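Summarising the annotation, TrEMBL assigns domain 'HYDIN/VesB/CFA65-like Ig-like' to 106-163. Sequence annotations record features per position, and here TrEMBL assigns region 'Disordered' to 269-289, 301-361. The compositional bias 'Basic and acidic residues' annotation in TrEMBL covers 305-323.
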Amino acid sequence: MNFDVSFESARWPQGDVDVLLPIKVAEGLTYNIRLHATVLELSLNVSKSTLEFSDILIGQCQLETVRLYNWFQVPCKWSITAIKPVMKKNQHKYMTPDGRQKQLAVEHEPCPFKVTPSEGTLDAGSWQDLQIQFTPKEERSYENELTLKISGSCNPLKLHLSGQGLEPRLEFSPPALEMGWVLVDSDGVEATVVVKNPCSFPIEFYFLDFDEQYPEEEKILRMAVGSEYQKNFVMPPRAVGGTLPPELLEDYEAQKRPKAQRAELKAMAEAEATAEAEAEAEAMGKAAPATKEQVHIAFTKSPFRRSEEMGRMMRIKDEERGRPQATLEQQRHGREQAQQQVGPAGGSGPGGESEVPTGPE
């Protein structure tokens, strides 16, 4: 016979639990069975309880790594529940209304710390690295507390995070320039402005309207965001006067290559189509060359005595350009033949005069 024994640990504190289970045999002896259990609260160990980031410029970030350990013999599920600013004891008690509003604004602003991954499950005896990114939004100090909740445990883990944000600044002397009146088409006037860097780190600055490198780099970054990169991706810190990372430039050149090949193929196809059209037009021109016709119109008077009317017209056609025209003598001979042909139609004789019958004398 099998017995199923279950134990509910929620009602017992941590430690060892011993229970004596008597089993009595009818008309026989009684057997005592000792049940033993160890109540443990699931927990994780973290490699660091405090993480201090160095001073970071606005627009840059710093990555740090902490490691979670699970020394228990059962899986442990965990998740990041909150990353809130650290509040001192009784800080709200002695605050003015303006200070309280500022503190509430700080509490509701986007957190500069980001943890990846934010949840997971650790098997027995395993570990996992957490990557924490610090990205300051303004020049001030940050102190936040990360809360890591463990499933089945009432005691979450706390991780203290701190960092300082720095904002690059430049000072211009004078802050404004008045150039005065300038004549049209004159040589103009010049003025000098002194730029000072009051910060403890070097600063690179440029003019958007005159810098030629800025538009090209913006094009590269836009193409990178549109490819396999995420909308926000991390690059190594850029030195003053340096260029974009070599990996990004190589990726840009690799993406440009297919576009250039497509443009080249398109240009070749257009050139072939143009050549075919020209060859077809040339073939049609040879098959039916253009001709130029010249028409000569000659007017003659009728040989009738009592009336004059317009004679017939002759057309002399030159079918090809450059064909030698008939000489004046040939044209005159042709007109004489035409006048002789008019005679029979009008009743005239060979001399071209009409014979009119007369009545009896």
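Including glycine, each Cβ sits where the backbone N, Cα and C put it.
Because the structure is a prediction, the values reported are computed rather than measured.
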Tally of residues which DSSP labels helix, strand or coil - the domain 'HYDIN/VesB/CFA65-like Ig-like' (106-163): 3 helix, 33 strand, 22 coil
Reported mean pLDDT - the domain 'HYDIN/VesB/CFA65-like Ig-like' (106-163): 88
